[in-house]
Amino acid sequence: MSKKEGKKSREEEQISKEEEKIGHVPALFSCSVFVEQPCFNTNWILQSNKQGQLNDYICLICKQVASNAFEINCPQHQDLDKSLIVGERCLKQFLNANPNSCPVQVHDGCVYNQVQLAQRYINDLEVMCPLQFQETQQEDEITETIVCNFKGKIKELKDHLDNACPLKMVDCWYKPFGCRHTCVKHKLQDHLVLEVKPHFDLVAKLIGTLRQAIRDHQEEIKQLKSNMQAKDEENAMLANENRSLKKEVLQFRQDIIQLNSSKEFSILYLLELEKFKKEVMVKVERLKKEIMTKSDQVIKIKEEIALKQKEWLEKDNETEKIQREISKAQSDIEMLRQDFNEKDEKNVQDSHKLYQKDEQKDNKNLSSCTSFDRFCSSSGLLKTFAGHTDYVWGIDSTTFDNNQLICSGSSDKTVRVWNVETGKQIQLFDGHSSDVYCVKFSLYHYYHQGRTVICSSSHDRTIRFWDFKNGQSLRIFDQHTNWVGRIEFSPFNGDRYLCSVSFDKTVRLWDVETSKLLFAFNGHTDGVWCVSFSPLQSNNNNNNNNDKSNNIGIIGGNGYTICSGSYDRTIRIWDIETFKQLIAFKGHKKAVSSVRYSPHETNIILSGACDGTVRLWDIRSKKQIQKFDGHTREVSAAEYLPFVTNEDNGDGFASSVGNIICSGSWDNTIRFWDIRTNKELHVIKANHEDRGVSYIKFLSLKNRSNADHGCNTNLCYGSKVVLFIFWDNTIFNKLFLIDVNFQFSFLLI
């Protein structure tokens, strides 16, 4: 390393040490109100004060005297018997490093406020000059000493440091030349003497830079002068040309005057005209030759186009031939596909018939053993299923591996599956980003793929399919443009089709097999909440005089419809085959919250609404046929009962099951109605803490305690808690309670 470089390095090291030693002092005492300043050095303040004066003003973070004091007021520290003071700068640094935390104890949500009284006390403390304090802290021996005798209040330091302190830092005289050294005033002379050579080099360097800049400017001026001279010469040439043109114009004018005055003017004019005509004829002939040449080129191009067209025609013939072969192949494939579909659909029908036989067997067992009177007298409550952290919006049930399962959807954005027998949660799906409004088990996946799949709709505008066994999402339908309400699977074609309704005012029909949207029914003028498919038709139904068969290969077959209830206060009937609206029932005064086809008479529709009424509608007459008043608040759900009455029709069995309906309401009751007499039969009053009934659903669950393994019908109603009302074939044998939060927000509209 050269001497010059070593000296420069020592100079930089000395400057760095001096800056490190005194650099923070001006920042600490640069203003009378110490906003954003570091806390004050405790040793410095103790030079003029006692420790007891400072104990209540020590910063919790840096352990120095707090600058711009803040007090921590978190409820968690109310029992602490000590002052919780921090400096503003320390508090901000702590919160930046630990957002929303507390410097006293580990918890969220730190509460603090500025303490003006404490800050005024600190500003009035007597202190010595901070620069003098630093001088006394230096370990190096000082040969000559300049002392600052200032003793005053902290709030007076700014004026002292700016105007009176002999230890005030000053810049080197050669700062304009590049020297960055600062020191106290009495040391400046030593610096100037020691650094004469570096200062001379800085001045020489600046002079050299200025000289180079002057030379550059001189070159620039020369170039500008040269450009100006060239412009002057160009202007002179233009001026000469202008003068020559003026002379020519003047001469031309004089010639014209002479011609006008001459007798030969007309002859000269004619000669010039003749000359001009000849020139025009020459140009015309030249243009004709060019046109002939272009015509030959056009003919040649036409011949090439004709040749290309012939080639294209041949290619079109070849393409047509290939397309005919493809069509033939497609026909063969279609025949094979139809044959496969017929066999597949036959298998589906056979599976569905077996399922219906089992279901009919259970229902027969239930019908022969259960009556409405027994239900009224022996109903009770079932198990607790706890786990949801917010309101529950939907429930469904199925059987998997001989275990009875219940699935539920909630405002906590989850779908959960429970084992009915053990009461334990066995699966959870948390893929939705908002409230889950409806859940259904998919029979289509069970029949065709042999697995249990749950379908759910959500406020996040999606419909999702979940594989129960592996806990994964299978697919997502996301074409709705607003939240999705209720969903229903088709009773025909083995649950292959799914219907959904949404606040985007549409009713949408999906093909579960292809995951495609088949059609969007438009007609409602407000959001749609509820939907129902017409019941599965039977070719052996003696009450059906229509001889058309249920064509499984066609969507819905013959005569299937969808009904939907909306916030626009209407119930609309849609034809699944033609995708047309058939009927719009009007009569409810508020939003329609529930719609159901009669399972025994497809021309009757049951509805409940927020106007507090339950109504029956006849599709054939397109009119309301019955109205049930009794609820004092909004009706949230309406259902047909799945069991029979106690009337005997002469053959030892009970009469038709289609004469009793029930409805749940926010008036905290479930009411049962006889549709023949239009009278109320029975009322179940929910607990006061339930805060209303938000839905009702009948579930048929097997009773393992019975020797014949029969089924029990369970009425599930939801509110703040979801309850099962239970009875069986012989005795009421057990009480359970399902406690899951539940509430319908749409009923408040």
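Backbone N, Cα and C atoms are what each Cβ position is placed from, and that goes for glycine too.
It should be emphasised that the depicted structure is a prediction, and the values quoted were computed from it without experimental measurement.
Pulled from TrEMBL, these are the features on record:
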| type | residues | note |
| --- | --- | --- |
| COILED | 207-346 | coiled coil |
| DOMAIN | 155-191 | domain 'TRAF-type' |
| REPEAT | 385-428 | repeat 'WD' |
| REPEAT | 429-476 | repeat 'WD' |
| REPEAT | 477-520 | repeat 'WD' |
| REPEAT | 558-584 | repeat 'WD' |
| REPEAT | 585-627 | repeat 'WD' |
| REPEAT | 658-683 | repeat 'WD' |
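Counting only same-chain residues 6+ beyond the ends of the repeat 'WD' (658-683), those with a CB under 8 A from a CB of the stretch are 372, 376, 598-601, 606, 608, 612, 614, 616, 626, 628, 630-641, 645, 690-696, 715, 717, 719, 747.
Distant neighbours of the repeat 'WD' (558-584): 490, 492, 499, 501, 503, 505, 507, 509, 519, 521, 523-534, 537, 546, 548-551, 590-595, 597, 605, 607, 609, 617, 619, 622, 746, 749; these residues of the same chain sit at least 6 beyond its ends, with a Cβ under 8 Å from one of its Cβ atoms. Within the repeat 'WD' (429-476), the DSSP-based counts of helix, strand and coil residues read 7 helix, 24 strand, 17 coil. Per-residue confidence over the repeat 'WD' (385-428) averages out at a pLDDT of 85. Note: the repeat 'WD' (477-520) comprises 3 helix, 24 strand, 17 coil (DSSP; helix = H, G, I, strand = E, B).
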